[in-house]
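Colleague: If you scroll down you'll find the structure; I have some questions about it.
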Amino acid sequence: MSTGLLDSWADAGDEFSAPPEVIANPDGTKTVITFRTNQDGKKVKITQKIKEVKVQEKVHPLIAQRKNWKKYGKEKNSPPGPDTSTTQLGEKVDLKLGTSWKQDEKKEEEDKAHERAQKIAVQTIKCRVCGGDHYTAKCPFKDTLGAAAGVTPSGTTPEPTSEGGAGAAGAGKYVPRHLRADANGNVPTREARDDSTTLKVSQLNSFVDEDMLRNELFAKFGPLQRVTIVRNRETGESRGFAYVSFATEEIAQRALDTFNGKGYHSLILHLEWSKKKKT
């Protein structure tokens, strides 16, 4: 006859060795009943109701056929699915379904154009007193920093006392390179620049740049001293005309006779001397 202690061991062994009780319900579900001992040493009955759900995925027949293809080469014994060490995955593309995709694309382009316009406006507007992105006349520091920057309280630059191209232009205006003073403060005169070999090319398309003029039109006339397209200072877009300087007046005359009145990118070119000839 076994003792009470041995009976409890036997009961514990029967508890853990007994399989769970499974009951089939009329609605297709299953009830699983198990017994176990919790942390307090008490015997607990656990009842679980399980419902089996069959999920069927519909794919294209060709896709299902490709999934059954056998791998070969280095991937012969690899499990199903791509391996990133031997397979390069393409970029994930989000498919937007709907009828308003054209309007959405147009709105995105308008937003990008608005952002570019704001960036250009911020870059082109610069205060001469504090360097901020606002006009000098509206600077909040012009009363305190204006004297150091040479700006009057009204927002204007006082007239310089020295004469010449660089002095008359003022501190906030652009001075062309050929009119800037040298190290000794000497400003070149207008007569020092020779424009006798320079042609003015008008009626240019907006997308034409210096390289197009040089390579497509005037390169065959020999080396060019200067090719400059006049652009808008704020937007950077072409204003439709340019200046081209040649080695000699004879070469410039040949270029004028060749291209004046000829078509170039849907427009008729007009060539003339940048400086009128003396008769």
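From the backbone N, Cα and C atoms, a Cβ is placed for every residue, glycine too.
Taken from Swiss-Prot, the feature compositional bias 'Basic and acidic residues' applies to 102-115. Swiss-Prot lists 152-163 with the feature compositional bias 'Low complexity'. Per Swiss-Prot, domain 'RRM' is recorded for 197-276. The annotation phosphoserine is assigned in Swiss-Prot to Ser78 on the grounds of sequence analysis. Residues or ranges marked as region 'Disordered' in Swiss-Prot: 1-26, 66-115, 152-171.
Can you walk me through where each of these features ends up in the structure?
Modeller: Counting residues per DSSP class in helix, strand and coil order gives 14 helix, 0 strand, 0 coil for the compositional bias 'Basic and acidic residues' (102-115).
Secondary structure of the domain 'RRM' (197-276) per DSSP, as helix, strand and coil residue counts: 23 helix, 27 strand, 30 coil.
Within 10 Å of the C-beta of Ser78 (phosphoserine) there are 14 other C-beta atoms, taking all protein chains into account. In this structure, Ser78 (phosphoserine) belongs to neither helix nor strand by DSSP; it is coil.
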